[in-house]
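Undergrad: Handing you this structure, nothing more for now.
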Amino acid sequence: MRKLAALMLILGGALGVSARVPCAGAAAAAACRSASITSLPSTFSSSTSSPTHQQLSQVAEYVAAPAEASAPLSMASISVPDPVPSATEDAENIRKAAVQGWGPDKKALMEILGHRTAAQRAEIAAAYAGRYNESLLDRLHSVLSGDFRSAMMLWTADPAARDAKLAHKAMKKKGERYVWVLIEVACASTPDHLVAVRKAYRESYPASLEEDVAACPLYKDPRVKQFLVRLVSSYRYSGDLVDDELARAEAAELHDAVVARKQLLHGQVVRIVSSRSKQQLQATFERYRQDRGKAFDEVLEERRSDQLAAMLKTAVWCLTSPEKHFAEVIRRSIVGLGTDEESLTRVIVSRAEIDMKKVKEEYKVRYRTTVTSDVNGDTSGYYNSILLTLVGRE
Ligand SMILES: [Ca+2]
């Protein structure tokens, strides 16, 4: 049923029909996330006959591209073979690689799954479950281990279900970097994806995401709690319309609260940051910079030692320039003794199909080295290989 809903969406899009299929569940979420794409490759727009498999896979690839109107070119870093094998063929090869006699063929598993889009991975998982009567994720869990397993499982999971799980886990751990996870999930994805995450969350746990954030004992400061609840509950307008007058007024409100009154998570700040569209916020921050001679994120950056300022800055970055935040998380996970594999894996897996190309560019400019060379310096084996597969060439 889920598969059907996802497929109908893809087909509806392929045939130029406006798809009105509700997001039936986790598998459909990837497709729903991109349902706002209106222009499809010209080869599909005039077609009225059933699309071929190859057309479908091209559509799947297109569907998985970021849905933000501000990203005309795909910023995804993964590569998909052309033509791509059928989902059934992939499922069969995965089965062979996973259960063969002498331990799993990790390379084969990585070569297949690491080079498929979210929509294709969902098809493979459905084909695998139908054919072998077991979940692909369970199988990967039982045959793999360590950081390679974590990366492969996060990557194979449906993106909305994955983010729901990441958010759930983050609420059980203390520390700034776990609060980031919630902010990333709430602010660095499209509004439709966040809705899909909330749906997936409620399917997996006995509460809603917003209820769990509100009840989380780690967020003791009521301002922090309110801010996070508002962020995860949002469903922002995602069109292109921007109100310049509103931008001017709200830039002044931000300045008044944060600089004049020194109240970082003032009610007005929380309202603006948690409800306005990303385009509107871009305009507001641009207006702020013009009026004050300094960018809003710079003002917050100067107060980094203040936890509230750091949190607000993370939200501002995730909303308007996520590549800055994610470049920083990758860098922090690598510099110094040891590696924060959890953060490194999360960022690479979750951004590979969204904006990893941008993250890599930002990384080069900021740190004068590449993600690839830093990942090579800190990781090894198949864990290193899957990360580099997702990071793509550079
Ligand atoms: Ca290190």
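We count from 1, first residue shown onward.
Just so it is clear, glycine is given a Cβ too, placed from its N, Cα and C backbone atoms.
TrEMBL entries are annotated by machine, without manual review.
Taken from TrEMBL, the feature Ca(2+) binding site covers G101, G103, I334, G338, D378, T379. According to TrEMBL, the feature signal peptide maps to 1-19.
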Undergrad: Long-range neighbours only, meaning 6 or more apart in sequence with Cβ under 8 Å: which ones does D378 (Ca(2+) binding site) have?
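TA: In sequence order, the residues whose Cβ lies under 8 Å from that of D378 (Ca(2+) binding site) (at least 6 apart) are I334, T339, L344.
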Undergrad: Do you know which of the binding-site residues G101, G103, I334, D378 end up with C-beta under 6 Å from ligand 1?
TA: I334, D378
Undergrad: Would you count the other CB atoms within 10 A of the CB of G338 (Ca(2+) binding site), including those on all shown protein chains?
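TA: So the Cβ neighbour count for G338 (Ca(2+) binding site) comes to 8.
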Undergrad: If you run the three-state DSSP split on D378 (Ca(2+) binding site), which class comes out?
TA: helix
Undergrad: Within 10 Å of each Cβ, count the other Cβ atoms and name the one among the binding-site residues G101, G103 with the highest count.
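TA: For the binding-site residues G101, G103, the Cβ with the most other Cβ atoms within 10 Å is G103.
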Undergrad: Could you find out if DSSP has G338 (Ca(2+) binding site) as helix, strand or coil?
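TA: In three-state terms, G338 (Ca(2+) binding site) counts as coil.
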Undergrad: Which residues of the same chain, at least 6 positions away in sequence, have a Cβ lying under 8 Å from the Cβ of T379 (Ca(2+) binding site)?
TA: D147, T339, E341, L344, L387
